[in-house]
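Chemist: Have a look at this one.
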Amino acid sequence: MLELLELVQRKNWEALILNIGIDKISFFTSDLYLPMDDLAKARKEDPNKYLIGIGQSKQAVIRNSQDAVTLAANAAWQILDEKERQSIDLILFGTESGVDNSKSAAVYLQSLLGINAQASGVELKQACFGLTAGIQLAMGHIALHPKSRVLLVGADIARYGIKTAGEPTQGGGAVAMIMSANPRILKINPESAHLTKDIMDFWRPLYRSEALVDGHYSSQEFIDFFQSTFQQYSAKTGQGLNDFAALIFHLPYTKMGLKALRSVLEEAPDDQIAEGLLARFEDSRQLNREVGNLYTGSLYLSLLSLLQARSLREGDQIGLFSYGSGAEGEFYTGEVVQGYERMLDTSVSEQLRQRKPVSVTEYEEIYRSFMAAQPSDFVTDYQNDPARFALKGQKDQQRQYVERKD
Ligand code: HMG
């Protein structure tokens, strides 16, 4: 009798772990952007180097009144209602732009969003991989607690420095997701392939607000990590290119994903499969082209971009490649759920269209106006920031946040 009960429970559990994934998704970035052709002209580069060679049209210009916490809050509140605020039991905050060396950004977020105090929350750091680490942790958490609703956010500001080679690959913003059982957007398959290597391709010492990077080396490692994890996944599961409707990537700049995809397309069984993957890749980079690197959120902005194109059907398999410098890479897969279109926020493209362009001089002024890591009081330009949540500044060495209520 006991054995039978255990079997039934085990069978249910197996069914459950095949039915966990992304139930809601939202995105936020600044209301300001820099046109990449203006930046190219100012840096005496051919605009096509940025537009085609790097694959970026616009770059989000993050105000000094936004940080990882407010970017995350502005993304997440769009998918929260009172019921959700009470149901969430775990907050996983992926970021490499943390605002404190001790206190987790998840605690600030919980308070700003009014999420119930019984929910726990932590910050996850491994460069751009932090949010993907959160996805894998959420899978295990939901398998143990099937009624759980997990809030995940990836929020960052990508800063390399004015007139550096990394400058055209800056950007910023946040993606927020709710993961649960019976997801309404994407079921995540439990199998994944992972690779970790201690390398110095991109890093940010504690005293710096801008990253240090060995750009060409990092781009080569990105491709090697993709090939290696994709091969590992294929060996584990027997799945190859023909099993996927789309392969999507962390997009530090959109050409990076294209280069990685092209590096495996020779193995495609026929031209139709290769062309299909290239067409879906184009869908998946549209939003990223307009924003730049989000670090932790980039892969998930690309997912949103792909889903918004509405070219996928129920049951289609998507392969997702996550890369975080330093470095960790992971290839995992998901299955598109029937009716996913109904769960997508239709205003994202409109929000991007409504942004205001800034000149290169204005962008440089905003860039230099950021609050440095220092003890004195500071007031940001929060009064000019139309976002719901903003950083007001620092008082007595404590960050001050404001919410503009409707
Ligand atoms: P660069 O040296 O200025 O550019 O830096 P380039 O000379 O290599 O040119 C870029 C591309 O433009 C090349 O194409 C050129 O041929 C092309 P590719 O050979 O790569 O296919 N090009 C043109 N195309 C059309 N018309 C033209 C023209 N001129 C040139 N007229 C670099 C580029 C990406 C290295 C730099 O911007 C950089 O260092 N960026 C930051 C690092 C980065 O994004 N690395 C990506 C992998 S690491 C990663 O993804 C992790 C990360 O997100 C951080 C994290 O994990 O936290 C960064």
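Placed from the backbone N, Cα and C atoms, the Cβ positions cover glycine too.
Heads up, TrEMBL stuff is auto-annotated, nobody curated it.
Quick paste from TrEMBL:
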DOMAIN    19-181  domain 'Hydroxymethylglutaryl-coenzyme A synthase N-terminal'
BINDING   ASP46, TYR160, LYS259, ASN293  (3S)-3-hydroxy-3-methylglutaryl-CoA binding site
ACT_SITE  GLU96  active site, proton donor/acceptor
ACT_SITE  CYS128  active site, acyl-thioester intermediate
DOMAIN    196-262  domain 'Hydroxymethylglutaryl-coenzyme A synthase C-terminal'
ACT_SITE  HIS250  active site, proton donor/acceptor
DOMAIN    280-367  domain 'Hydroxymethylglutaryl-coenzyme A synthase C-terminal'
Chemist: Inside 10 Å of the Cβ of HIS250 (active site, proton donor/acceptor), count up the other Cβ atoms and send me the figure.
Modeler: 34
Chemist: If you count Cβ atoms within 10 Å of the Cβ of TYR160 ((3S)-3-hydroxy-3-methylglutaryl-CoA binding site), leaving out that atom itself, what do you get?
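Modeler: The answer is 19 other Cβ atoms.
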Chemist: Of the recorded positions listed here (ASP46, CYS128, TYR160, ASN293), which is spatially closest to GLU96 (active site, proton donor/acceptor) when Cα positions are compared?
Modeler: CYS128
Chemist: Which one, from the recorded positions ASP46, GLU96, has the smallest tally of other C-beta atoms lying within 10 Å of its C-beta?
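Modeler: Comparing Cβ neighbours within 10 Å for the recorded positions ASP46, GLU96, ASP46 has the fewest.
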Chemist: Out of ASP46, TYR160, HIS250, LYS259, give those recorded positions positioned within 10 angstroms of the residue listed as 'active site, acyl-thioester intermediate', comparing C-alpha atoms, in sequence order.
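Modeler: Correct set: HIS250.
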Chemist: Whole-number Å distance between the CA of HIS250 (active site, proton donor/acceptor) and the CA of ASN293 ((3S)-3-hydroxy-3-methylglutaryl-CoA binding site)?
Modeler: 9
Chemist: Using DSSP and collapsing to three states, where does LYS259 ((3S)-3-hydroxy-3-methylglutaryl-CoA binding site) fall: helix, strand or coil?
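Modeler: LYS259 ((3S)-3-hydroxy-3-methylglutaryl-CoA binding site) sits in a helix per DSSP.
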Chemist: Within the chain of ASN293 ((3S)-3-hydroxy-3-methylglutaryl-CoA binding site), which residues six or more apart in sequence place their C-beta under 8 angstroms from its C-beta?
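Modeler: When sequence neighbours closer than 6 are ignored, ASN293 ((3S)-3-hydroxy-3-methylglutaryl-CoA binding site) has ALA158, THR169, GLN170, GLY171, GLY172, LEU251, PRO252, TYR253 within Cβ distance under 8 Å.
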Chemist: Count up the helix, strand and coil residues in the domain 'Hydroxymethylglutaryl-coenzyme A synthase C-terminal' (280-367) according to DSSP, in that order.
Modeler: 44 helix, 19 strand, 25 coil
Chemist: Please report the DSSP secondary structure of TYR160 ((3S)-3-hydroxy-3-methylglutaryl-CoA binding site), reduced to three states.
Modeler: coil
Chemist: Between any two of ASP46, TYR160, LYS259, ASN293, the residues recorded as binding (3S)-3-hydroxy-3-methylglutaryl-CoA, what is the biggest Cα to Cα distance in Å?
Modeler: 22
Chemist: State the count of C-beta atoms found within 10 angstroms of the C-beta of CYS128 (active site, acyl-thioester intermediate), not counting that atom itself.
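Modeler: By my count, 29.
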Chemist: Can you check which residues sit near LYS259 ((3S)-3-hydroxy-3-methylglutaryl-CoA binding site), meaning Cβ under 8 Å from its Cβ, same chain, 6 or more apart in sequence, and list them in order?
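Modeler: The list for LYS259 ((3S)-3-hydroxy-3-methylglutaryl-CoA binding site) reads SER219, ILE223, given in order along the sequence.
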